[in-house]
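Asks: The structure is given below, and queries will be raised subsequently.
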Amino acid sequence: MKRKMLKRLLTSAFACMFIANGLITTTVRAVGPKTGEENQVLVPNLNPTPENLEVVGDGFKITSSINLVGEEEADENAVNALREFLTANNIEINSENDPNSTTLIIGEVDDDIPELDEALNGTTAENLKEEGYALVSNDGKIAIEGKDGDGTFYGVQTFKQLVKESNIPEVNITDYPTVSARGIVEGFYGTPWTHKDRLDQIKFYGENKLNTYIYAPKDDPYHREKWREPYPENEMQRMQELIDASAENKVDFVFGISPGIDIRFDGEAGEEDFNHLIAKAESLYDMGVRSFAIYWDDIQDKSAAKHAQVLNRFNEEFVKAKGDVKPLITVPTEYDTGAMVSNGQPRTYTRIFAETVDPSIEVMWTGPGVVTNEIPLSDAQLISGIYNRNMAVWWNYPVTDYFKGKLALGPMHGLDKGLNQYVDFFTVNPMEHAELSKISIHTAADYSWNMDNYDYDKAWNRAIDMLYGDLAEDMKVFANHSTRMDNKTWAKSGREDAPELRAKMDELWNKLSSKEDASALIEELYGEFARMEEACNNLKANLPEVALEECSRQLDELITLAQGDKASLDMIVAQLNEDTEAYESAKEIAQNKLNTALSSFAVISEKVAQSFIQEALSFDLTLINPRTVKITASSEETSGENAPASFASDGDMNTFWHSKWSSPAHEGPHHLTLELDNVYEINKVKYAPRQDSKNGRITGYKVSVSLDGENFTEVKTGTLEDNAAIKFIEFDSVDAKYVRLDVTDSVSDQANGRGKFATAAEVNVHGKLKEAAEVTGSVSLEALEEVQVGENIEVGVGIDELVNAEAFAYDFTLNYDENAFEYVEAISDDGVFVNAKKIEDGKVRVLVSSLTGEPLPAKEVLAKVVLRAEAKTEGSNLSVTNSSVGDGEGLVHEIAGTEKTVNIIEGTSPEIVVNPVRDFKASEINKKNVTVTWTEPETTEGLEGYILYKDGKKVAEIGKDETSYTFKKLNRHTIYNFKIAAKYSNGEVSSKESLTLRTAR
């Protein structure tokens, strides 16, 4: 009998700590029999990360035998998984209840198990999504309640991960998936997994809450080429084992069929082929399969409507007719955004297919490309909108069938954490290496179960910790160098290889190029390379055979590269020590290790461990730091591919510049111009060809140099061998700030393409900083030796002498006694621009620059600073300090200042004669305003301003420079009397001039 129970509210008095991920320290005590003995343990990592986890107590040790309650009502597969775990850990199940034993209660929400509700103490799976569960371990009891049978099974998997050496923390967990369908599509080309591999994988999926396994191996003939034919009897037995194992582990076994290679759609032949499709599905249905997929991927035929019609008919006549089959799954012929969409609109096939295919059918797509760096939310939104449904993802990582020499050992990376808004079905395509695929699959389980809390770095570390135990740290060192998949053409995916180590390498090159001390960093890198070799040797000696068989060649490859990296450091140290013999010895080792690595099938750490050797072999202490060089080109390709000119001087052999080839193409002539950060004495240009293609490889060149970027002098012309090796163009030392490489010939991988394209991985310059001659100079300062109080004095400043430079700008500070002088203004001379500012009392900063583009003249006054003498002072000092000039190269040179003494004497005050204004009259009369004008008095010595009156009342005082005033806000057609008087500095006011008038009507 079953009934739905009302769950009691949580009343626990324990302090709770919420966690999302990671390790938690807690105290564990034994329950039942209390010993009083306490030990510190860790709540282990869990995968996938639970949605909610609370620590509610100290934890306890599970007794050697337990009371098991609910096993008859609970999901059979969940109980079987629990019993298997208990047996493996030597924990027996009591035949009768023992109050001194740990009690474990298990069941689903609808089961009538009072003990389960009591142990849950208010925590419940009742309101969770399908496949959710609640798990409570507290006070010697463990309760696992599933929302459904799948949820109970997943609760058992979490319980298994929680228990370490019979210790379990006291926790409350409520957990449920973000994405409904989570799992694997075995859809890679190449060697299919063995039957043993698949059985092992299916168990692994169940343990990590993955519920979908799509059986679609490209090299299974009965899936693709022989899709019409039934499986032979021996194959049917194998298939039955997979189906049964999937059911036991709560994994939907999805049988995939790919009929598109030769299916017939019309007439009797079409009907015959459709019946073959039904018959194939019927045979699998009879074996227990309840999920099916029909794929149209990787075929030439683009009959969109017919593809969709086959699906719709199969959906009606088989899927819906059966009643217990899950929604049909498909992959269209256009299955990535690049193929599906053009200019934001669906292409013809995708539009017709999307309009025709039944809304209940799951449609898979791979993201922006077939193998791509990311799925941004915008991309998912676009495709979901076209198909008007939540999409299913076929994520092509960690698959390696397009780049077989490398292993993909990284985490899920580049996937938006809000993807579940448009996706409710997430699968990954694994490698043919089943065991090593588990690292990425482990992180895929975490991402798809708890998307919002996914952290790719934590997930990756946790996966390796849980999969490799004592070898985890060694495996992290190895796998860290094999996470990025990049076949140099259309496929790029995964986290970059060893990003922290790559950053240290880049820092080393920067320090060496900048002539900084790099000794500590070199020692650190020696340690890194030694650790790489040690880790790989440990793995070779201790990895289980199934894993070692899959990675032994890559382990050997990384050992070789680590040895080459150490030899590369030896080369650098020898260069620093100017030890030619040691350098040549280390160089030979490094080159041999690189050659061995490049000739191997195995690929690993191309842009890190391998690239470091290549960089070291081409490194020269005379190399001018590429990252300080500004580089421009006759053209660059930034539309068809990301290949700007800057990539030819970034220190990275894996990037490159390409002349513009997208429409409209630039077919020549081609050139690169490098602007150095200073003037150098150069003698060599390095050209590193693009490493992944010969297209645009430079075979003819002309090198020219310049000091000003406009006038270039040719220093070398010649030809280069047509291969991928680094080339050096050497010539007699010459001074240069600009270096131009003109392409006179290049090769192409296209017919008639010679000379039309140009590429370069790196173009670098070697030389030494030009030691500039010392620039010296002095300042001139001209002023009268004596000035009267109240008078202005002009202080003329210029460049007296300048040696080994020409000045295009001049910056100085004029200092004066603020009690003796007041700053008035600065005056420029012809052909120069002067900008002056009083920066504080007694200091004026003056900037002088050329207006003509010619150098500033020497031995001339360039600027005049006007000061007013304010007080009698004997021997007041004027000085020029902080004096510097800017030359034509943009360099600044300090030059010597100077000083001068000026005496300020009392002056005789001139006689002030008071006179009235002249010609006082109205120039404009309006209704409300009257404007009056006048001429200044006959004598102006001491004149300070004017006082204006209206009808006998003073209305304004204005300055002496004014000769007009407007009386405003007057009444219309009214008589007014206006007067004006001149005011003088001795306090006297002149007689008033008068004017009477009437405003306008």
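Note that Cβ sites are derived from N, Cα and C of the backbone, with glycine treated the same way.
Worth saying up front: this structure is predicted, and the values here are computed from it rather than measured.
In case it's useful when we look at the structure, here is the feature table from Swiss-Prot:
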SIGNAL    1-30  signal peptide
REGION    179-469  region 'Catalytic domain'
DOMAIN    180-452  domain 'GH84'
BINDING   Gly187, Lys218, Asp297, Tyr335, Trp394, Trp395, Asn396, Asp401, Asn429  protein binding site
ACT_SITE  Asp298  active site, proton donor
COILED    515-543  coiled coil
COILED    573-597  coiled coil
DOMAIN    916-1001  domain 'Fibronectin type-III'
Asks: If you draw a 10 Å sphere on the Cβ of Asp297 (protein binding site), how many other Cβ atoms land inside?
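Replies: Looking across every protein chain shown, the total is 20.
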Asks: Using DSSP, what's the helix, strand and coil tally for the domain 'Fibronectin type-III' (916-1001)?
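Replies: Helix/strand/coil tally for the domain 'Fibronectin type-III' (916-1001): 0 helix, 50 strand, 36 coil.
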Asks: Among the binding-site residues listed here, Asn396, Asn429, which has the most company in the form of other Cβ atoms within 10 Å of its Cβ?
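Replies: When each Cβ's neighbours within 10 Å are tallied, Asn396 leads.
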Asks: Do me a favour and check the Cα-Cα span between Asn429 (protein binding site) and Asp298 (active site, proton donor); whole Å is fine.
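Replies: Distance between the two Cα atoms comes out at 15 Å.
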Asks: Can you give the largest Cα to Cα distance in Å, as a whole number, for the residues Gly187, Lys218, Asp297, Tyr335, Trp394, Trp395, Asn396, Asp401, Asn429 that bind protein in the record?
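Replies: Taking every pair among Gly187, Lys218, Asp297, Tyr335, Trp394, Trp395, Asn396, Asp401, Asn429, the longest Cα gap is 18 Å.
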Asks: Once the chains shown are all counted, how many other Cβ atoms turn up within 10 Å of the Cβ of Gly187 (protein binding site)?
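Replies: If we count other Cβ atoms within 10 Å of Gly187 (protein binding site), we arrive at 27.
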Asks: I want to verify one value. Collapsing DSSP to three states, which class is Gly187 (protein binding site)?
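Replies: It is coil.
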Asks: Would you kindly give the Cα-Cα distance separating the residue listed as 'active site, proton donor' and Gly187 (protein binding site), rounded to the nearest Å?
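Replies: Between the alpha carbons of Gly187 (protein binding site) and the residue listed as 'active site, proton donor' there are 11 Å.
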Asks: Within 10 Å of the Cβ of the residue listed as 'active site, proton donor', how many other Cβ atoms can you find? Include all protein chains, please.
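Replies: Here the count is 16.
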Asks: Do you know offhand how many angstrom separate Asp298 (active site, proton donor) and Asn396 (protein binding site) by C-alpha?
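Replies: Cα-Cα, rounded: 14 Å.
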Asks: Identify, in sequence order, the residues in the chain of Trp394 (protein binding site) that are 6 or more apart from it along the sequence and have a CB within less than 8 Å of its CB; answer 'none' if there are none.
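Replies: In sequence order, the residues whose Cβ lies under 8 Å from that of Trp394 (protein binding site) (at least 6 apart) are Val185, Gly187, Val331, Tyr335, Met364, Trp365, Thr366, Thr427, Asn429.
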